[in-house]
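*Asks:* The structure's right below; bear with me while I get my questions together.
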């Protein structure tokens, strides 16, 4: 969608919301907008409402308005990722591996594994479990750049102060699952790491080759095998170290904080990759502007006012701004005009049939949004041309 169309959608938003759009905007959101308005607005036609809904949902890459349940939990990993890329104070320190992955992607998706975890037959000194992530919600036109499997490992009390307590975690792709005539599945090693048991932390494993085969090459997704190779005499200690399944008495909230997570980084071809948003400094002009001249004006979009805060996790709203004002003859330097606008304004001064130059955005920037999609999956996406940074006569 071109920048002009997006700006038009922002300006049309209050009118369309007050008019209805029942399939997109909840009744509560429409009532809030209606109560805030001091003058009645005419109801747009159903065709206009339908077109607006289609364009807005298309801009967000959605086919229908998400209606997530209240039990959906946003992984802390995704919240930290959003804070980092939106430039929020107190965000976690940059992770170089993560920064490289995000530098080529404009969409990050997270997936929890299916709760039913299959424990595979034990081999000497090893514990292995199979688990599965449903990736059917990844759009077919999204180009995958990388994928990571996040697994939490807990500190073992017996290992405190002893750095020799180690084990190896191996991650395999299942090529062919176990069957009646096949005791163990056929697997391919994806990543491996030697870890200490005396600390609690997340471990990230590169599973890009497997996820690319499943999502873009048409191979069947049989899941992963997580194998813990015990390097000590007591394998029972290490077995509790890697958290793949929920404990019997563990509550849902605490389990959601350490539950295994598959994270995909992709690009839909519709903008720039994720980046840390830097606050821009206002450009001060020496020349005094007329109050009515073309300039940027405040416009804050509050998602809670329109009932979108049930599926948009962050931000709660954003400063979109808009451009408005006169482009008088002669056009001053501070109006950021093109040569064509100068010529058009000159012709308008002698022939009123030719319209004046218009006050429009000349520079736009992106925002990062964290939201729940139609499948209740948590998505972090970079949306282009959402914030007006500069205005001019064009």
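Note: Cβ is positioned from N, Cα and C throughout, glycine not excepted.
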*Asks:* Looking at 223-245, 246-268, 269-291, which one does Swiss-Prot call region 'Disordered'?
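*Replies:* It is 269-291 that Swiss-Prot describes as region 'Disordered'.
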*Asks:* Using C-alpha atoms, which one of the recorded positions 86, 327, 393 comes nearest to residue 359 (disulfide bond)?
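*Replies:* Going through 86, 327, 393 one by one, the closest to residue 359 (disulfide bond) is 393.
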*Asks:* Through the lens of DSSP with three states only, how would you label residue 393 (disulfide bond)?
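*Replies:* Its secondary structure by DSSP: strand.
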*Asks:* Specify the nearest of the recorded positions 86, 294, 327 to residue 134 (N-linked glycosylation site), where nearness means the distance between Cα atoms.
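*Replies:* Result: the closest of the recorded positions to residue 134 (N-linked glycosylation site) is 86.
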